[in-house]
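Peer 1: Grabbed the feature section from Swiss-Prot, which reads as follows:
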type	residues	note
BINDING	8, 10, 41, 197	Mn(2+) 1 binding site
BINDING	41, 79, 114, 195	Mn(2+) 2 binding site
BINDING	79, 80, 122, 160, 164, 167, 195	substrate binding site
């Protein structure tokens, strides 16, 4: 058996091939797992659990079917879907996790997260993140009419795209000191995260020993998952 990790699907109605690929994954590989962890940015945008978008209901039903089959499903918020709430979690059968979670997997101590908090060189993004994660601001936003939230979200995505176009790739990647600090804080040898869309397995030193950072890929033209078993930790890419 294996525990599976995925992230950065950025599901939206404009990308039906990714949706179809995810549905096949849920109906196939996911059903064989000990557990499924989704490490953020499952959706391209999330403006509230009350959004009647048919895609959201379709995904909730598909994930719920995996959960009902006996495979526990867990979710860590990403920077795109940090407003995903308890209602959708209940409808999909997912358990919401904190932004950093330590797992004991087949004798390994593994830290999981979305990964955006590691990009500390991007001061502009970190300031924005701190602002939009304020509970009072989220409550205020979610109280707005749906059409207003849609307009605000569209403007924010446009602003983000424009800002990122002028940033260096190095700034938008993780900060090595932040990585080591997180791993040493939690006393782990393994870290699995997404966000950067740069799939790789990195070897480093943390806690005075060899450690590993595994970065999930985004689902653009193919699927990406990390498969953890008693024998191995694999970063796997597969066709939709």
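Heads up, the Cβ atoms here are built off N, Cα and C, so glycines get one too.
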Peer 1: Which of the binding-site residues listed here (122, 164, 167) have a Cα atom within 10 Å of the Cα of residue 8 (Mn(2+) 1 binding site)?
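Peer 2: Checking Cα-Cα distances against residue 8 (Mn(2+) 1 binding site), none of the binding-site residues falls within 10 Å.
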Peer 1: By CA distance, which of the binding-site residues (41, 122, 167) lies nearest to residue 79 (Mn(2+) 2 binding site)?
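Peer 2: Given the candidates 41, 122, 167, the nearest one is 41.
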Peer 1: Neighbourhood of the Mn(2+) 2 site (41, 79, 114, 195): other residues with Cβ within 8 Å of the Cβ centroid, in order?
Peer 2: 7, 8, 39, 40, 77, 78, 80, 115, 116, 194
Peer 1: Determine the Cβ neighbour count for residue 8 (Mn(2+) 1 binding site): the number of other Cβ atoms within 10 Å of its Cβ.
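Peer 2: For residue 8 (Mn(2+) 1 binding site), the 10 Å Cβ neighbour count is 25.
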Peer 1: Could you measure between residue 197 (Mn(2+) 1 binding site) and residue 114 (Mn(2+) 2 binding site) for me? Cα positions, answer in whole angstrom.
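Peer 2: The Cα atom of residue 197 (Mn(2+) 1 binding site) is 11 Å away from the Cα atom of residue 114 (Mn(2+) 2 binding site).
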Peer 1: Go through 10, 80, 114, 167, 195, the listed binding-site residues, and name the one with the sparsest Cβ surroundings, counting other Cβ atoms within 10 Å.
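Peer 2: Result for the binding-site residues 10, 80, 114, 167, 195: minimum number of other Cβ atoms within 10 Å at 167.
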Peer 1: Near residue 122 (substrate binding site), how many other Cβ atoms are within 10 Å of its Cβ?
Peer 2: 21
Peer 1: Comparing the binding-site residues 79, 160, 164, which residue's C-beta has the most other C-beta atoms within 10 angstroms in this structure?
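Peer 2: Going through 79, 160, 164 one by one, the largest Cβ count within 10 Å is at 79.
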Peer 1: Of the binding-site residues listed here (10, 122, 164), which is spatially closest to residue 195 (Mn(2+) 2 binding site) when Cα positions are compared?
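Peer 2: Closest recorded candidate to residue 195 (Mn(2+) 2 binding site) by Cα: 10.
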Peer 1: What's the number of neighbouring CB atoms sitting within 10 A of the CB on residue 41 (Mn(2+) 1 binding site)?
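Peer 2: 29, counting other Cβ atoms within 10 Å of residue 41 (Mn(2+) 1 binding site).
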Peer 1: Spatially speaking, which of the binding-site residues 10, 41, 114 is closest to residue 80 (substrate binding site)? Use C-alpha to C-alpha, please.
Peer 2: 41
